[in-house]
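If you check TrEMBL, you get these features:
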DOMAIN    A:22-110  domain 'Fumarylacetoacetase N-terminal'
DOMAIN    A:117-390  domain 'Fumarylacetoacetase-like C-terminal'
BINDING   A:Tyr120, A:Arg134, A:Gln232, A:Tyr236, A:Thr338  substrate binding site
ACT_SITE  A:His125  active site, proton acceptor
BINDING   A:Asp225, A:Lys245, A:Thr249  Mg(2+) binding site
2 protein chains.
Amino acid sequence: MTAPAASWLDSDVPADNGFGLENLPYGVFSTQRDGRPRTGVAIGDRVLDLAGLTDDPVHATGSLNAFLALGPRRWQALRADLVGWLTEERHRALVEPHLVPVEEARLHLPVAIADYVDFYSSRHHAENLGHLFRPGGAPLTPNWLHLPLGYHGRSGTVVVSGTPVARPHGQRRGAADGPPTFGPSLQLDIEAEIGFVVGTPSPLGRPVALEELDQHVFGVCLVNDWSARDLQSWEYVPLGPFLGKSFLTSVSPWVVPLTALQAARIPPPPREVALLPYLDDAATAPWGLDIQMEVRINGHVVSRPPFGLMYWTPAQQLAHLTVNGASLRTGDLFASGTVSGPEQHQRGSLIELTWGGREPLELPDGSVRTFLQDGDRVSITATATGVHGGTVSLGAVTGRVQPPRPMP
Amino acid sequence: MTAPAASWLDSDVPADNGFGLENLPYGVFSTQRDGRPRTGVAIGDRVLDLAGLTDDPVHATGSLNAFLALGPRRWQALRADLVGWLTEERHRALVEPHLVPVEEARLHLPVAIADYVDFYSSRHHAENLGHLFRPGGAPLTPNWLHLPLGYHGRSGTVVVSGTPVARPHGQRRGAADGPPTFGPSLQLDIEAEIGFVVGTPSPLGRPVALEELDQHVFGVCLVNDWSARDLQSWEYVPLGPFLGKSFLTSVSPWVVPLTALQAARIPPPPREVALLPYLDDAATAPWGLDIQMEVRINGHVVSRPPFGLMYWTPAQQLAHLTVNGASLRTGDLFASGTVSGPEQHQRGSLIELTWGGREPLELPDGSVRTFLQDGDRVSITATATGVHGGTVSLGAVTGRVQPPRPMP
C-alpha cells in the first residue's frame, strides 16, 4: 500500500474517528429533505450520497444488495474512485455538494437479508454455555472441535441498530417437571458478534473453498443477537434455538469492506485436532481478524471481547456452510456467534458475565444486573487497525429494552 | 356453498383429476413460446394464464408474492372471478385463448421464499426419531407436548419439484469416538410434509392468534425436506439441524388456497396436557386437515402418511411462531415436519420406515432400500375432499437422486 492520502475533507474530520479513508464503509440513509433511502459512504463526520453523486441506479434501490451483487472487481473499482474523489482537489466542487452531515442522516437496514446463519465459533463462549446449559456434562459437544457449528436464524427480524427491543413473551420451563409457565422473558440477554455479508452468490452444488472468502463476502458489520435465555433453554432440545432468538437481531448500519480489514488479519488459535481438508487453513492466508470489541450497558463498559481469539474463522464458516452444496445469495448474513475471551471481562453475553445470573454484575452507577432490565441501553462497538495504521471503526449496534408489549 | 358449477371446459377435463373448480391452485409457469415466468391457475389439464387474461402486472412478476400480499379479500375476489370466467359461457371467448395445456407449461418455484421454518408436529414421527437418535432416552423431549417445536431452515435452497437432488457431502460421526469421516451422505432420506405459505405480513410485536390463520396464510403445498441423516446426527447437538437439511428442500409447484380445503378441516387429536392459552384450540374452529398423502419410490407406494393425525395444527404453529413478537413477511413458508401415522406403512421418512436402516424395505420390483440410492425417483402426492365432495389434489413434489458432485 502507498502512504495514506490526505483528504481535502481533513479539516472537517475529527481526528481519527475511525471513519477515515482507510475505512469507507457503506450504508443506506435518508434525510429529512430527501426521504428516499439510498446508498451512502461514511467519511469522517459526513455521509457521501452515492446516488446523488454518481446517478447510478444501483445506489438508489434502498439496499446495498444491487451493488454487492456486482462482485469484487466492481467493489474495488468504486473504492479506488472514492479515494480519488475524496483526495484530489479537482473533484472537490463535484463531490462536496453530496456530503451530508452524519447527524442529518437517518440510517436504515443496509442489506436486504437473504438467509441469516448464526455460528458458535468462540471456544470460550461454547464452553461457558455448555457449563451453564448442561451442568455436569462435557462443556464442548464431541463435534465442536471438528466443525463450526451453526444454525439458521430468522432473517425477517434482522433490524438496524437503534430499533427498540421489546421484551418477548414465551414459554419458560416450569418448576419440578411441572407444566411450563408463560410471560415476558425474565432472562433477556445480548450476544456480541461480528457479521459477514455475502455479495457474490454461488450456485447450488459448488462449495466455496477457504481461499474464496473475499470473492464472496463483501464486508462486516456488528451484530447483537438478542437472546431470551429462559425461552431458549426450554425450547432448544432437540431442534436448536428458535423463539429465544427470533424476536430480534440488530445489526450496525455501516458495512465495512473486508478490504479495509486487511491489516487486521492474524492467524487463528492453534487447532487442537487435525481438521478435514475443506476446513484445514494451516496452509492458507489467515482469516483470523484482530478486532477489539466493547460492550456497554447504559454507557458503562461491561466487556471487551477479543475477536482475534475466535477458534473458527469466517473462511471456515463459509466453507462449512456450503460444503453440502448449499448456494449463497447476495444479502446472506452469517454471524460469528458470541465473541468471548478467556477472561471474565471478555465475555460477550450477560449469561456468561453473571454466570447464569448467579454472580450479578455491579455497574459503576451502583446498580446491579443479572439480565437486562427495561430501559437498559446496550451498545456494542468495535475497532481494528487500518492498512495505514489508523483506526477502522465498525461503528455501533445499539438497542434500548422496552417493557413487554401487552398480549393481544 | 352452492352446488358445483359446471365449467364450459368440462369436456377437456379428465374426470376428477383433482384440479377441478373446487381447487384452483396458483403457480408460476412459462412456455417455450413465452419464456416469461407468470402466474397461472391450474384447471383440469390446462393452465390459465392470469397475466395474459387480466393484464394485471401483479401476475407478471414471476412469483406469487405480489398477489399474496394483497390479502384475503382480494384472494377471495379473484377466486370468485375465476369461477365466473370458467363457468359462464359468455366469458369463454375471452378466456379460452389464455388456457395453456399443462404439458406445455414449465413450472417454476411459485413463491419467493422469505423465511422457511420447519416444525416437528407429528407425534409418531417425533417418537420414532427420539427412539432412533437418542436410544434409551425418553422418546419425546419434555417440551414436545407443550409447544410445536420448530427451527429455521435455509430459504435459499428451497426449490421447485423436479429439481435434481445431488447427494450432499459432509461430515459423519467417526468410529468409537474417533475423528469424523467425510464424504457423500450414506443416509440420504426424505421427509414428506405439508407447507403453509404466508400471504399477509404482520408487524413486529403483534402475535397472530389461533383464529387468524386464514387472514395470513394463503395456501398449502407439498414439501420434501431432503435429509442426510448421517450428517444430521453428527451435527445437530446442540444447535439443531443444519447441513443435514440445508442442501435442498423441494416444494410442489401449485399452491392450493386454504379456501379449497374448508371441507377437510377436522379436529386434531385429543391433547394430553392442558395447553397455554395462546395454543389452546379447544374452543376454536378446528385446523386439523384431513389430507391423504402418498410417498412413492420409483413409482412404488412406500407410505401413506395421514396428515389428519398431526398433533399440532398450522394455526398453532403460526401462533407459536409469532408469540414472541416475530413478524411475518409475504412468502414465509412454514412446514409441518414429517407426517407419520401410528402404522408402519404410514411413516413419512425412510429412517422410520426402515427403523434406522435395520429393517430394509423391499420394493415390489424386488430391490431393497434402507436409504435412497442414486437414480431413485421420489414422488409425494396428496389429496383431500373438496367443498362439493370432489377431489382436491395438492399435485406432486418429485425429485431424482443424482450421484454426488465431485468435490472441487
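Using the three backbone atoms N, Cα and C, a Cβ is placed for every residue, glycine included.
Note on the domain 'Fumarylacetoacetase N-terminal' (A:22-110): DSSP counts are 41 helix, 21 strand, 27 coil.
A:Gln232 (substrate binding site) falls within a helical segment according to DSSP. Listed in sequence order, A:Asp118, A:Gly153, A:Ile190, A:Glu191, A:Glu193, A:Lys245, A:Thr249, A:Ala335, A:Thr338 are the same-chain residues at least 6 apart in sequence whose CB falls under 8 Å from the CB of A:Asp225 (Mg(2+) binding site). Here the binding-site residues are A:Gln232, A:Thr249, A:Thr338, and the one whose Cβ sees the fewest other Cβ atoms within 10 Å is A:Gln232. With respect to their backbone Cα atoms, A:Tyr236 (substrate binding site) and A:His125 (active site, proton acceptor) stand 17 Å from each other.
Separating the Cα atoms of A:Gln232 (substrate binding site) and A:His125 (active site, proton acceptor) is a whole-number distance of 16 Å.
Using a Cβ-Cβ cut-off of under 8 Å to chain B, the recorded positions A:Tyr120, A:His125, A:Tyr236, A:Lys245, A:Thr249 reduce to A:Tyr120, A:Tyr236. Neighbour counts were taken as the number of other C-beta atoms within 10 angstroms of each residue's C-beta; across the recorded positions A:His125, A:Arg134, A:Lys245, the minimum falls on A:Arg134. Under the DSSP three-state reduction, A:His125 (active site, proton acceptor) is assigned to helix. Put simply, A:Arg134 (substrate binding site) is 14 Å from the residue listed as 'active site, proton acceptor' when counted between their Cα atoms.
Shown in sequence order, A:Asp118, A:Gly153, A:Arg154, A:Glu191, A:Val223, A:Asn224, A:Trp226, A:Ser227, A:Ser246, A:Leu248, A:Ala335 are the same-chain residues outside A:Asp225, A:Lys245, A:Thr249 whose Cβ sits within 8 Å of the Cβ centre of the Mg(2+) site. Taken together, the residues in the domain 'Fumarylacetoacetase-like C-terminal' (A:117-390) have a mean pLDDT of 97 on the 0 to 100 scale. In the three-state DSSP assignment, the secondary structure recorded for A:Thr338 (substrate binding site) is coil.
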